[in-house]
Every structure is written in structure tokens, then in C-alpha cells.
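Visitor: Okay, these came from TrEMBL:
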- B:12-32: transmembrane segment (TRANSMEM)
- B:70-259: domain 'ABC transmembrane type-1' (DOMAIN)
- B:74-97: transmembrane segment (TRANSMEM)
- B:109-129: transmembrane segment (TRANSMEM)
- B:135-152: transmembrane segment (TRANSMEM)
- B:191-216: transmembrane segment (TRANSMEM)
- B:236-259: transmembrane segment (TRANSMEM)
């Protein structure tokens, strides 16, 4: 398994942000994680890359148990470039004073690779994510939202990672670029990279994910093959999500049905 | 960065003035037409061919005193600013990264220095280390360092939790890398402003210490010292303080201009400003076409 999480708990102070979350992603597999704002999606991602310390549970990345890793061990693991994280907000995750090229190759420079090799790699990656080569010398503030997002994706791919976590990777892209981005993700998957695709929008995940996990109030309420979750969701929240997805025509529930499901959700409350 | 500063008009003016002052500091003592310490009977003379800026209350040539004093004045102010920079900025940045204990200790030290009466501290240090210019500079440098500490710490704090720093950390960056690559550029502009201010304050403080007999000893001239002496004879030569004042003001003003120019070319806005000037307007919005 490229990534394995079992019984993961994360607390922020006394708030429990994640409750006994378990999931696993095999090489070349794509896991979609969907859930609304505040459901713990980003916390899950941050815990996996070591930005948040779990209060219980186990995390295994590329065969290494990282749950109790200290700062130095994390740094060594990260420098190997096995796991990369594409942040939700491309503008804020790029240093406004660093050129696009330097941002893309930063992981390589941190590893101590020579500049020339890094610059070479930046040009090839720019082509791969459909970014004009001349944009490489620009600052992030001089790029459009979609271009910035492609920069952050390029940065994540620069080390040939085994696991890539994408936090809302297509939300800032227009339709044409979204298709390209999803195409790129498919290529990655074929190359054996494990992807965790986080989104609030079932529609953008359904097409690329092999499996889908539905996160609700910090816990996974439904997990299974993408087709099953989309076509035959069991948990009321998953049914509500599917019913609200405007892109899945056949599955769209009518208003009465959605209200019924919301009521049901309120009655059963969050995950145990 | 210097090249980018020079592309701005303000940057060029600042560099011009500072270069002239550096020239004075380097060669001023050699250019002095008279011995700056030798008195004559011609006291409090008005400007004339022989004494372009007149003479002071002991009949010493004011032009010679100002030229001769420029080295001590400028070097003194620069030393003060640089010492404050090292003593303040380094712990200011590190206080964010070196853990709670270091943070607490440096914060309390900064508070203590702010609370300490300046003159008492100066007298205590000269009593401990002996009277002299380096000791005086040390006192002033340490006393103004909390300003640098606070400015550096505030700028670092605003960057430390940003997402791009997190992105660097996820890529395996060490604290050193984060500071060099991301923090330093954000800390530099406010520090440059503080540095320019401190250089100005340095002039004034060094001369007020001179007044107390700490640091530069009385017969030796400094800009601040000349100014202090001139003030005592205001009723005889009301114009006299204007000359040293103009020198001090020009230096402080040039430092402030330089600080502004640095702020303009670092920061994102400044870079964009320079870049759009360089590019032709038609190319500013290129890149891949946006879908309709």
C-alpha cells in the first residue's frame, strides 16, 4: 500500500476534527475524499503529510510508519519526495516573491540537486501541465488563477512522488483546463502514483477516482468503489451528496427527496 | 537588489547623497584646510574667504571641524545601526523558530532593554568597559536593538504560518532554508526602514553622549558636537547650527529614501511595477488563452 491510515484521530484543542478514520490507497489507485467544509478533509491531508500531529491511530506512507516520527525523521522522508501535497489555495501556497520556476523546483533544490538540472526539469514539467515556458520567470501575482494552480501541481510532481494528495485541485480551473488537469492525473495514475483527491464536489471526483470515501463531521460514513458510492449510496449524507450533484443528471434527486434526507441526517447526527 | 534600487529615481538620489557622505567620511579629514583642534583669536567669525563657514567660540575653523568630524560621525552611526541589526534581527527571526524557551528569554530581554534608563545604562557600561568610542557605540547599539528585534519578529511571524512556508516544509525544507528563502525577503524591507531611522537616531545619540563626556572626547569634532557647540552661541551666530543640521538631515533623509526604495523593489508590488515598465504593454497579459 502506498498510503495506509487506520483509526486516525486528530484533535484541535478539545475539538475532535477526525474520528477513527481508516483508509488505504494502493499504487496507481485514486481515492476520492469528499465532504463539506469543516468535515475534516484538509485535516486528514495535513495529518498524512505531517503538518498535524494525530492524537491516535496509525499512518503508513510508502511502507514507513510515520505516526510517531520526529521532525528530523519527517524531514528525511519529505526530502526523498515520496509524498507531495497540493494545497487548496494556489495563490497562498506560492511565495509572492519567488519566481514560478523557483517555486516549482524548490523541492529539488531542497534535496540539493544542481540548479541546471532543476531548471531543465522545470521546463519539462511546465510543458506537461500546459504552462507556457515564458511564464517560468514570472511571479505568482502575475499569473491567472488557473496558471497558478498548474504551477502548484507541477511543484508536486517535480520529485516523482509515490503519493500525491490534492486538496481541491480543480476548483480554480475553467472547464477546458479542468479536463487537461484530470487527463494529467490519469497519466500519473497509470505511472503507478497513488492519488488522494480531496473535494467538496462529488462530480469532479466521480470521474477520476477508483474508490470514494465520504467524510462527514470528521468520520468516514461511506467508503467503496466509486461506481457503488455514486449509484447506490447507503448513508443518508452520501445520498444527499449524490442527490445534490448537478453534473450527475440521472442521479439527481428531486427537492422533496433532498429535504427528506436532510431531516434524516439531523435525526441520526454525526458518526459515532 | 542594488541594481533594482538604482532603477528608481528615489534610489538614485539616495545612493548619490550616501556616496557623497561616504566620500566625506573617507577623505574629509584630509580635505580640512586647517587643523580642526587649533584655536585662533578670531572667535565666532562670520564666513569669509579664509573661513568659508566661519569660526567657533574658540576660533577654530568650522569647515575643518565638520570635515574632520565626518569620519567619526558617519562610522559611529553606521556601527550603531549594524550592531543593533545583528543584536536585534537575528534573535528576532530565531525567536519564532527556536522554541518557547528561547522566545520567552529574548522577549523578556527586549522588554528589559526598553525599560532600562538609557543614560544609566551608558554610564554603567563605560564604568565597566572604560570610556571610549567603541563602548559608546556598543551602548547605543544594544539600546536600540529591541526595535530591530520587534520588527524582525513581527515580520517573521506574519510569514511563518503562511501556506508557502508549509509547502516548503512538506518538501523537506529546514528552518535555515525557510529563513533564507522565504522569511528573509519579507523581513528585509521593514528592517531597512528601521535601519535608516536608526542611523539618523545614531547621529543624535552619539552627539548627546559626547555632551555627557561619554564616547567622543570633547576637543575631537563630530557633527553632533559642532551642532551642540553652535547652539550655545545662537545669539552671536544664529545661522551657524544650520550647517551641521543640514549634513545630519541630508544623511537621515537619504537613508529614509533608500529605505523607501528598498521597500518598493522588494515586496510583490514593487517587482510588478518594475516588470511592467520593462515589458511592452501587449505582452503583459499573455500566457495560455483563457477559455471563453
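Here the Cβ of each residue, glycine as well, is placed from N, Cα and C on the backbone.
Automatic, uncurated: that is what TrEMBL annotation is.
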Visitor: When you look at the transmembrane segment (B:191-216) alongside the transmembrane segment (B:109-129), do they share 3+ Cβ pairs under 8 Å, ignoring any pair fewer than 6 residues apart in sequence?
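Guide: Yes, since the transmembrane segment (B:109-129) and the transmembrane segment (B:191-216) share at least 3 Cβ pairs closer than 8 Å, they count as touching.
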Visitor: Short question: which residues 6 or more past the ends of the transmembrane segment (B:74-97) have a Cβ under 8 Å from it?
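Guide: Residues packing against the transmembrane segment (B:74-97) from afar: 21-22, 24-25, 103, 106-107, 133, 136-138, 140-142, 144-153, 156-157, 160, 175, 179, 183, 187, 191, 195, 198-203, 205-206, 215-216, 222, 251.
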Visitor: Would you kindly list the residues that approach the transmembrane segment (B:135-152) from elsewhere in its chain, counting only those six or more residues past its ends and only Cβ-Cβ distances under 8 Å?
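Guide: Here the qualifying positions are 76, 79-85, 87-93, 95, 106, 110-111, 113-114, 116, 118, 121-122, 125-126, 129, 187, 190-191, 194-195, 198, 201-202, 205-206, 209, 214-216.
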